[in-house]
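Since the structure comes first, as structure tokens, the remarks are kept for the end.
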């Protein structure tokens, strides 16, 4: 029939010029050339590095990680002495980075959400104040905030002995629990009257059984809460009546923890002045506190803008429709506005968390021993292995970033618009 | 009918009553207060809280600001003046440090007799930027160029500029005005040459260096013109090769020889003399100018159909975004010597600029990728339907729209990068924030002065960054094409 009459032109025979002029082959040609150039560049760089290393009489090996570190770290989340290896020092640094990053992410999110919502408040004065806060913190370098807050700690706060005597010049704050001094901030530790002992994980890393019990109870409570909610949902689907769940949820979330607190005899042990220093509590270095505060304030200003934009992105019709359906305001917020706003908020929030983690490397300005301070600082200077130390440090930061962004992407997928 | 009606209704108003003024509580300031500050219990609490915050800030800082001393030669002298004027035990700010160390904060350790050179460089920068930033509005151009001309010329005269250079600056500024009035595009050649001129003004040395650097692309262009009509692809490759080979093997020697024949040099200034805001602005402006094109290329590469190009772009972008800038700066200061042929070393400011640029470019690429993705698919299809090839489609249809969408993101990347220039303090350069303030404090006269330098430097950064974000809003409004 007609169809058979249409003849497809045969492929023209391949000519060399088609590598440039034929669009089917041109991209291939281009990619091959780029591949060769990139390989040549890498070869050139590696060759130069090898030559330079040979000239300096150095080698490229990570053996130094297992040598004695020989320096002290003021704040160690896991036991560490100067006799430990550089590797352990690097791990301590990494944990210090994680501590300030996690603390900063939590506090920045809380503050950022409050400020972001307050900027949308109908209250003229308060909204203006929050705008000023956001603009001031966003438009000045983070380093400035770190230095200012650190200077406040070191220059204005008193030495520990100002707390001494019958009528001391300074007194502790928060119901005599926290002492601010120019060298450290002394906070209370958790004490137990009924200590269950610790689980030894090897390498002198121990976990208190009480901590493990709390984690188990909290995770269990979370799952129990989900089970209760699913059950309530299925009852609602079947009968149309949703059973009251709030007291059950509250019970599974709170009661086991309260029981554990009673069982272990958990209490705060506030620091007290012994001689020239506070002891009994935990003396947190001011570097950490200043870094944490500065990261919190700086990132909170960015998060506030993200939250504000997210809420503004939900069109007015959505809340009006929810009200028309007869939803109460708090249900409107939790069922209609928040799910849609979160979709807009989460992706930029992820990058703020990543920025905060990377910005924690500004610990260099306050002498807080994070990953850059140990592996990329003292270890590098003592062993003279710049290449290995910096490469390892960059790879660690890279891995950290990729893990955070992978984890947050999973969360993002759960709040994303479910499309067919 | 009408009679009875007239009798039963004794009075009929035949004029309208004037509108009654609303009750006092519903008008004027009281209404505004009720609506905006005290509309409910929560709002009232917030208002009181806000007022308390303001009162606390004013009470804490007001006397300190009010007692500022602007004219003293040391911190102890400041304290004496404050004690003498405001009584014993009064506290006050000592902004005299800014006044005394102004030059150091602005120019770093640049030779004082050459201060006019950076001043001229940044004055002419505004002329070079005029066609790019203020191309649309004659009024804005007049204001910007007018202020620039007055400030630059006055500052240069005050700093003791040689008459020839003053005349040169005046001529360029006058040309800028002329072009601004007649046709702003006349300034574009100056804008293109400006980066090289600026480098020469700042670092000095022989003019033949920049001339021969510029000669590379010119030779490449000539080669492309010769070959371009017959083999376009080959022409581009040959042009690139000519340029690179000229730079690598000829430019350096040629510049030395030319300098020997016709000496055209001004006093060279080494990089370690740079500091303060001069350093921040140099790194910031260079980084901004370089990271945008690099970011566009990376964004296009990441959206390319070619697997290898795409993977390379993804790896580069994710790697750079995954590490802190400090780590990259350490690479610049400690590791770059490993990666280059033995014996080579190049300028630390240049290395820092490269690192800051690639760092900003990776973020820029993601911002622009977002803009490219936000563009409706129909735009790409329309470009294809018109028969445009890839580069023409990108240049004429896709990028103008995608870049417009991404303006807020691009400008916040710029702002972030400019703020990050303070981190160069950790590789031993004298940024205004930390190193310069430490240097000021190292002097016994200003030992222990913390807050005034922080406030001063912070205020300057705030002005520049806030200005940039306002400019981006203006640009967004100007480029708005839809009618909403």
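Cβ coordinates are placed from backbone N, Cα and C, and glycine is handled just like the others.
Caution: TrEMBL annotation is automatic and unverified by curators.
Per TrEMBL, the feature domain 'ABC transmembrane type-1' maps to B:277-472.
Among the features that TrEMBL reports, transmembrane segment is placed at B:45-65 (among others).
The transmembrane segment annotation in TrEMBL covers B:122-140 (among others).
Per TrEMBL, the feature transmembrane segment maps to B:146-177 (among others). When Cβ-Cβ distances below 8 Å are used as the criterion, the transmembrane segment (B:146-177) is approached by residues 113, 115-116, 119-120, 122-124, 126-127, 130, 186-187, 190 of the same chain, each at least six residues removed from its ends.
According to TrEMBL, the feature transmembrane segment maps to B:209-227 (among others).
The transmembrane segment annotation in TrEMBL covers B:234-254 (among others). Using a Cβ-Cβ cut-off under 8 Å and counting only residues 6 or more beyond its ends in the same chain, the transmembrane segment (B:234-254) has close neighbours at 208-209, 212-213, 215-217, 219-221, 223-224, 226-228.
What TrEMBL lists as transmembrane segment is B:274-300 (among others).
Outside the transmembrane segment (B:312-336), and at least 6 residues removed from its termini, the chain residues within Cβ reach (under 8 Å) are 298, 301-302, 304, 348, 351-352, 354-356, 358-359, 361-363, 365-366, 420, 423-424, 426-428. Under the heading transmembrane segment, TrEMBL lists B:312-336 (among others).
Residues or ranges marked as transmembrane segment in TrEMBL: B:348-368 (among others). Here the transmembrane segment (B:348-368) has long-range neighbours at 271-272, 274, 279, 282-283, 286-288, 290-292, 294-296, 298-299, 302, 313, 316-317, 320-321, 325, 328-329, 331-333, 336, 402-403, 406, 409-410, 413-414, 416-417, 420-421, 424, 427-429, meaning same-chain residues at least 6 beyond its ends whose C-beta is under 8 angstroms from one of its own.
Per TrEMBL, the feature transmembrane segment maps to B:405-430 (among others).
If you look up TrEMBL, you'll see B:450-471 (among others) marked as transmembrane segment.
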Under 8 Å between C-beta atoms and at least six residues away from its ends: which parts of the chain pack against the transmembrane segment (B:405-430)? 108-109, 274-276, 279-280, 283-284, 287-288, 291-292, 295, 325-326, 329-330, 332-333, 348-349, 352, 356, 359-360, 363-364, 367-368, 370-371, 374-375, 436, 439, 461, 464-465, 468-469, 471-472, 475-476, 479
